[in-house]
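Since the structure comes first, as structure tokens, the remarks are kept for the end.
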Amino acid sequence: MRIQSLLLLGALLAVGSQLPAVFGRKKGEKWGGCPADDGPCLLSVPDQCVEDSQCPLTRKCCYRACFRQCVPRVSVKPGSCPQDQLRCLSPMNHLCHKDSDCSGKKRCCHSACGRDCRDPARG
């Protein structure tokens with residue numbers, strides 16, 4: 001009985017450790033995020049992909065300069081960026097380009113005048 005209990009516990013732990021990987025993403029979606037898209041929209045180009053599963057290895061299907069293409073994914077910290085209700089009157093100034101540019105738990109978020117490092121929104 002004791003061996004069966006241990007085997008059952010081991011099986012539950014193995015399955016449970018896979019649940020976040022299965023339920024946290026859509027089918028075919030790869031880990032990581034898309035890099036910031038600052039490219040100007042100069043011409044209409046057809047999308048090279050529709051979803052991550054169409055991209056090789058560690059690349060993700062992301063918007064870049066007005067169309068979707070396979071690009072290297074970037075690491076994303078937990079939490080979401082707070083909403084910024086302000087309007088910017090000065091030129092855009094980016095203080096970061098990806099979450100890994102920010103210290104600790106801070107995220108690289110869009111603000112009224114560009115991107116900067118901010119604490120994730122609560123709730």
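In case you wondered, yes, glycine gets a Cβ from its N, Cα and C as well.
From a predicted model like this one, the values you see are computed outputs, not experimental measurements.
The cysteine that Swiss-Prot pairs with CYS70 in a disulfide, picked from CYS55, CYS62, CYS81, CYS88, is CYS55.
Which of CYS108, CYS109, CYS113 pairs with CYS81 is settled by Swiss-Prot: its disulfide partner is CYS109. Distances between the Cα of CYS109 (disulfide bond) and those of the disulfide-bonded residues CYS34, CYS49, CYS66, CYS102 are shortest for CYS102. The shortest Cα-Cα distance between CYS96 (disulfide bond) and any of the disulfide-bonded residues CYS70, CYS88, CYS102 is the one to CYS102.
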